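Straight from TrEMBL, the features:
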{"type": "DISULFID", "residues": "Cys1-Cys37", "note": "disulfide bond"}
{"type": "DISULFID", "residues": "Cys17-Cys33", "note": "disulfide bond"}
{"type": "DISULFID", "residues": "Cys20-Cys46", "note": "disulfide bond"}
Amino acid sequence: CKGVYDRSLFSKLEHVCDDCFNLYRSSHVASGCRENCYSNLVFRQCMDDLLLMDMLDEYAKAIRVVGRKK
């Protein structure tokens, strides 16, 4: 990711990917979730599967911050 390094935002995004991996135990989920600095369909599907869609705007903002090019 080439945006702002914010440990708390990365931790929040990583938590989604880790929980999703624990749910499915698939290496595709683990790598796909983090692809393109979390800006991908696997991450979004993980949010849906983990019942986090009501917080989508909050996570989208975090992705924009950490993924923004300097």
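Note: Cβ is positioned from N, Cα and C throughout, glycine not excepted.
With Cys1 (disulfide bond) as the anchor, the candidate disulfide-bonded residues are Cys17, Cys20, Cys33, Cys46, and the one with the nearest CA is Cys33.
The CA atom of Cys17 (disulfide bond) is located 7 Å away from the CA atom of Cys46 (disulfide bond).
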